[in-house]
Every structure is written in C-alpha cells, then in structure tokens.
C-alpha cells in the first residue's frame, strides 16, 4: 500500500489540500496538486476522473468512494444529465458552493464568482439530520475530523465553506475570487448569449463567458433584477453574536453546550440572569467549534440602561449604527451574559478576532426578514433564454435560532439543481417554473419532523425528500409573469389583471355576509334581517344566530319579558363564553344601531368560524380555528383568575383587604346610558377604532395598551393575570405572588388547572379587568325571577342546569404516588437491551491502518444516524439521559450512552426551535395587526365622515374595511393556535423540571425527614397538576382533530 510520504509528490499535495484550514492554503495546495498531476483545474467532471485515476492510495480512495457513491445516484445519469449546460453561480457561501457541487455532478460546466478572498466568519450553524448525512457523504469527516463529534450537531460557517470548497474544486468547478457580480448583460443580437457584468475588470475568459443558467447565492442584500422581495416584519428584535477564543483545554471541553434557552418556557433562568447581571434577554444559545459561539436576543431598554446604546432612535439602522453602539459596553454585555450562562466555567473569556482584526462581537437587527416572492425566473431576448434561480439568504433569510439557514439553503440548492436538470431535458418554460414554485411553497414549511425520516435516501429528486409531494400545486397560468420575453411588455397587463381581481374579490363581501346572516336566522319568529343596524336592535336576531349555531344555549321562548338590551347582552356573553366569539362592540351600540361598522366586524367573526357549517343541522356544532382555540384559552384565563381569587379569599389577612373582584359579569348598562363605551380605551382614554378594539370581559382596550404593568410585554389569552391588589394586568412572569403558603395552595400561575374541553360546568362569570368603580349587579336571567336572588349570571345558570349529578360511589380512588421515574428508566433501559445477546467490544486487529480505523468509526456513526430508533416519551427520554450520565453500567455501552445524550440534546433543540419560531411568528402577527389597524383607522374615518363622497366610493371603502377585518380574523386565528402550542411547551418544560426536582428529593422512606416529606408532597402535587393540565390540552387537541376530519 502506498504511503502519503512516498516518492509521489502528489500525495503530499493531496494531504496538504485535505488538511488545509485557510482558504488561501486550500487554493494553493490544490493548484500544486493539479501541477503535480498535469491536470488543468476547473475542467469539470473529466478533471475529477483524471485526479482520481492518479491518486489511488488508501487515504485518497476513501474519499473517492464517498464521492463516487453520491455521483452514482440515478438522477445524475453518470454525469451526463447537463453536459451542454453552462452555469454561473454567484457567491461562495455554503449554499452557493452546495449548488455548484450539485451542478458539477450533473455534468454542467460551472463557473463561480466570489467577491471575497478568504473565509473569516466564525459563527456556528445548527445542522438538521439530513445535512449531517449529506456532508458526511461528501467526505466531511475526511476534511474536518471534529465534524459533529459533540452532543450538538453544528459546524462553523468557515469550516463548512472550506469543506464544500474542497469538494467543488475536486469536481472541477471554476472559481474566480475577488470579483463582484453587478448585473446581467443581455445578448446584443441573435446568436449571442447572456453574459455577466463584473467588477473589477475580469480576465478575458470570465468576461466572455456565456451561460444559460444563473444561480444567485449572493446573500440577502443581493437579489437579481426582476425578483420581488417581501418583508416579513415583527417587533424590534436585537441580536448579539459573540465569538470567544477556544483554547481546547480540558476545562473548556467539559463545559456543556446550550442548545437554546427561550423565555417563552424557561423564565426562571432569565429572572436569575436579570437579578445577577442586570441583563434582560429573550433567549441565548451556546455552541462550541473553532470558537465559543454565543448568540442571544437582548431587549432594547436593557441595552439603553446598560449603556450599550447611546440613545433611543426610531429607525433601526440608526439605533444599531456604529455611531450609536458603544463597543466596550457591548463587549462587557456579551461577556457577562456568556459567563453567567456557562456558570463561569470557561474562565477568562477572550474575544476572537474578526476579518478586520477587531473583537468578534456584533449587534444586529432581525426585526424583519426578507423573502423572495418567487424562486426562479426565465428571461429571453433575441431567442436566447436565461434561467435564473435563487438559493440561500437571497431566497429566504433564515431566522438564526432555528438552524434553517443551512438546512433550507441546501434544500433550495437541490431544488435549483433539479430545475436545471429539467431545463436541460427540454421542459417547457412555464411548466418548469410551475414545478419550481410548487417546491418553493414547501420550503418554508419544512422541518426535520415533516420530511422523510430516512435521510440516507435523500437525493436530487424532490420525491426522495418531501413526502406527499405535489409538483402541480402551482399551475403554469399562475407563473406567466415569471417568464419575461424582453421584446414584449407585460407590466401594464399584469397590473390591470391584479386590480380587476382585487375589485372582484371584494365586491361581494358585505352582501355575502348579509345573505349568510339571513340564512342563519331564517324561520325564527319576529326576526327579519335586512341590514346591519335596525334589524339587530331588539336582540332577537343575535339570539337567533347564536341558537342556530349552537342549539340549546338560547331558546327563543326564554326571551319573553326581556328588554332588547338584556337580550343583546345575554347573546354577547353566551357567544363569548360558549362559542369563543369576542365582542368588538357593546350591547348598547347594537341596540341603538349606532355602530353598523362595528356590527359588521362582529358578525364577520361568526361568518369566518361557521360559514362551512350547514345551517339546517340540528347537532351542536363546534367552531373551527379561532373560536375553538380562543374558547379554550378563555376558559384557561378565567380558571387562572378564579383560582387566584379563591386562594386570596381563603388566606387570612390582618391588613386592609384589597379590592375584591365580583364573581359575576359587570352590571348591564341601562337603556338610557349613552352608547359608545367601546369607542374609548379604558386604560389610556383615547379613541378606539374597530380594528384596534381588544375586548376583555366586556371592557375595550387598544392592543398596545393591554400589556404587562412591569415589562410592557403584550398580553395574550392564557398568558396573563390580574392582581386584585392594584387591579393591573401582568404577564405570568411578573404577576405578583402573595406568599409561599398561597403557592402551596395552588395560587401560583403554574398550578392552574387547564379547563377540560367541552366542560361547561366549572366556569364562573369573568372578573372585571379594571378596578370596579361601582358595585356590580347581576345580569338579568331570562328564566324564573326567583333565580335572580342567588346572583348567578345567565351563563352560570345555563352551565349549572347542564350538570349531571351522579353518585360518588363510582369515582375512582385518588391516584397512587407515581413510582420513581429513575426506576422506570432503569426498566426501560433493561428492556431495551433484551434480545441483543451479550454485548462485546469489537475485536480490532492490532495492525489496522489508521485510515481504515477512522473510516470504520465514521461508518458506525453514519449507521447510528441513519437507523434511529423511534422517539421515546419525554419522561422516559429525560430519565434515560439521567441514567446515561450517572450510571456506571452505561460505560459498558458507549454507543447507547452517546445516542441517548445526543437524542436528549436534540429534543432540547427541537423545543427551543419551536419556541423561537412561535415567538417570531407572534411578533410578526403583532406587527401585521398594527399595520391593519392603521389602514382600518383611515378607512373608518373616511366612512364615518360626513362627506360628499359618492355612494360607490363609500361602498368600496366598506368592502376594503371588511377585507381588513377578515385579514385580522385570520391573524387572530393563527395567534390563538400558537398560544395553545405555547401552553403545551410551557407544560412540557414544567413537567421536566418538576420530574427532575422529584428525583432529586426522592430517597428511602427511612431516611426522610418531615421537611423532606413536605417537599416531596408539594412537588408531587405540582407534578400531578401539570400532568392533568397536559391531559386536558391533549384532549382538546384530539377533539378538535376529530371535528376537522372529513365525514
């Protein structure tokens, strides 16, 4: 067997090339290798075959085997699929290089231009399972021996670029460094082709290069002309990245990485951080690679308070500009946060140096993310067609905590290469673009959970990666505007079609709503709906609507003797409590007919939720989407407040009692009171427009005003509480607690029981969200007068009447205390090993070659990754992790121990990514709602103004306002669903922490003190409460899933 240090100098060049850790070293060693072998670089696949033929010793052969295995996939057709295709790739980032590799494997000629001359970015990227397998298949372990050797799967951008650069060079990609692509140069005449405009003046070979495919991977700030970019904006979010020198000492290697800590479910960590350092964060991540890499999201007020930002400026670019950021304070901020997160175990933190020799710490803005409206275009001039495709950040900017940049970037690179293959096969332009856009629709929805589980089968063909693939989701007619024949003009036609489509879409909005209301209320005596004002004044139409949608709640016979105001107020309450329809106007306004716009907005909620429900159905219907989720969250919120009030009443107090909240709804206003209470925010006293109205228990606020008293965070259903001592609202993190006794009596938010779905027997009336000014009186009951004496609201009475009284003899006995989770873990572990036979360490020959040993270890890791066992339950997973860390027996099974540790970290990362995605989307929804509110305010002012505007114009404004209301309804739908998931994540984290705490105090009964028993009992009660809450949540989700299944 040949030795790399033998007489063949090419072996030395190859080993230097493989081990090179700087961009310039890679290029120089590869040029030396090509000279030694007499091969011209940049020659495509023929160059690769020449190099492989002359380097046949063991170290090189292991790499060739991997690359050949990839190239043998059917989609590449042995490198003959695109032999006549010429491609230009812009950008040598990870996605650009990955696209270049795929195009080279297809046999295309690939030229890549990059404006930089070296790789210097230390930031660490999280990797999805398929990206790990993909990079291993390209020889990642050969080029970078520490690739994914820790408990977290990640790699620095610089190392990723280096290994992909080496593969691209071996496959014959021609790379030009230090040149910037500035635009396209169309063919001047028939018979010529497309060229690139490049700065500075390129060599003749590059300047004259004509290509028919352009793949742009130039980053988010560069998108070729013709593509439309859409901004996805959220609340202000300031990210901070910091890279510290990794000395690779024993102490540093033992510091655990942090897959992600998010405030959305782990508030104690951030409270401790704030108390110890004064730093207020939303999240923090710590990875170890070439550097110690930290990334975190900081709050603006904290940065201002600690002097990191000099002053508060309205524009984000100015706020985070060099002139407004204090470098020394920023470094101190990042160092303190990193030191606290790692408990000071990294010792003295020294910043790594960036490309300019400065400390590698930066503050950046990810308030908004850019996304291209389309992923590809085709331009044609003088008969020459050019296919343009986007990959990487210029296609979709990633959200850093989720690890989506590399994963979706690689997927986009595969999809773009597949598009080029189809282009080379002669697929028609519109058909090709339709297929590409169908794939693009899937990209933003992809996650490790909804892709094919077997990552070993992933290839260029999209069917190997995406389950339930539909390449005809987008039709050719929908992508005609992406095919640009530059000799013709389509812009005006497209604009006219768009305007006509908008007008047609909105023209039937109010008419459709009115017709639907007429259908739902038809047949009820005394009800005739003809408009959005007087037809609803007596309350009968609204009661009829509620009765039709959910029979049994509002019987028409019960309306006898009720005033219009009482009937309307009753219907509003029942719709809120039983259907989840939040009011946007008061009962007075409905009766007076003074706010038809508000009534339209309110009725549109019914229409959105029940428009697909047959109005002739006699079954009790349940709303889909918003109302079902809001109904559940509303019950949770009332349960939270009711339990706190109960604890306060049971707690003896020697001081002056705080203002108590009534257990019945606020008093109904008299018919003589002035209507329009919903027009003014009860917190700021300013005017409320329809789209701004946020209702809590009959009181109206601006969404921006309804925030935490302490941190000013937006409050959402299920995530806040009202403190009776001052009447203010707080997020659960800052909700004032009474004392430990109250906490033990389940008074804290974490002990609140989630309402059981469909349970209408445990709900009391809501409490007033503001300190009451006058004593509350009960809602008049529509039943017998004697009922009024017990001061029950109508909703409470209805729930009480639906109770099924059964004897207690059939009630199950109290649950037994659970067995130790550690015992369950040990049993699970034993059963996992059953049937394996005797486990022995593999017999390794003493004279094995080092390269063969490394190859065998790498194959073991790949097999372990490809054949993952099915996921375990959360509790068992955590217990197995504890056992893996603490049990001496696990040393006998290092593979299992490594697998358990990795899977536990993966579960942490999944929760973190899910929480961050939710937080990001909630911020985007909030920003979108503010924009809708601004637009709606302008339209509402125009509609309410006494002006001489023609009726046609007013009707158009009304339709536009209804469209905005419907958009807001959709956003509220999504927000409610996300808040359900927030509850799920929070309960999972609480159960994990309580389970860990319970294991820590669980010991032999003879060794327990009285304090131990009390602590164990307290933790056990909390744990059982959380389990019950999770059970209620799962039951709710299952019931909703069954409702949504097609009959």
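Each residue, glycine too, has its Cβ placed from N, Cα and C.
According to Swiss-Prot, the region 'Monooxygenase domain' annotation covers 1-489. The average pLDDT computed for the region 'Monooxygenase domain' (1-489) is 90.
Sequence-distant contacts of residue 121 (FAD binding site), defined by Cβ-Cβ distance under 8 angstroms and a gap of at least six in the same chain, are 156, 157, 158, 355. Annotation source Swiss-Prot lists FAD binding site at 95, 114, 115, 116, 121, 122, 123, 181, 293, 393, citing similarity to another entry.
When secondary structure is read from DSSP and collapsed to three states, residue 475 (phosphothreonine) falls in the coil class. Taken from Swiss-Prot, the feature phosphothreonine applies to 475.
Marked as domain 'Calponin-homology (CH)' by Swiss-Prot: 507-611.
The annotation phosphoserine is assigned in Swiss-Prot to 616 (among others).
The compositional bias 'Pro residues' annotation in Swiss-Prot covers 659-668.
Here the domain 'LIM zinc-binding' (679-741) is broken down by DSSP into helix, strand and coil counts: 6 helix, 18 strand, 39 coil. The feature domain 'LIM zinc-binding' is assigned by Swiss-Prot to 679-741, with sequence analysis given as support.
Per Swiss-Prot, compositional bias 'Polar residues' is recorded for 745-767.
Positions annotated as phosphoserine by Swiss-Prot: 777 (among others).
Taken from Swiss-Prot, the feature phosphoserine applies to 781 (among others).
Annotation comment: Swiss-Prot describes 816 as site 'Important for interaction with ARHGAP26 AND ARHGAP10', evidence class similarity to another entry.
The compositional bias 'Acidic residues' annotation in Swiss-Prot covers 851-868.
The domain 'bMERB' annotation in Swiss-Prot covers 905-1047 and rests on sequence analysis.
Within the set 95, 114, 115, 116, 121, 122, 123, 181, 293, 393 that the record links to FAD, no two Cα atoms are more than 31 Å apart, and one pair reaches that distance.
All protein chains shown were included, and the count of other CB atoms within 10 Å of the CB of residue 115 (FAD binding site) stands at 18.
Looking only at the binding-site residues 95, 123, 293, the one with its C-alpha closest to residue 475 (phosphothreonine) is 95.
Neighbour list (residue 123 (FAD binding site), Cβ cut-off 8 Å, at least 6 residues apart, same chain): 156, 157, 241, 243, 293, 295.
In sequence order, 217, 391, 392, 393, 406, 409, 410, 412, 413 are the residues of the chain that are 6 or more apart from residue 95 (FAD binding site) and have a CB within less than 8 Å of its CB. Around the Cβ of residue 293 (FAD binding site), a 10 Å sphere holds 25 further Cβ atoms from the protein chains shown. For the domain 'bMERB' (905-1047), residue counts in helix, strand and coil come to 129 helix, 0 strand, 14 coil, using DSSP.
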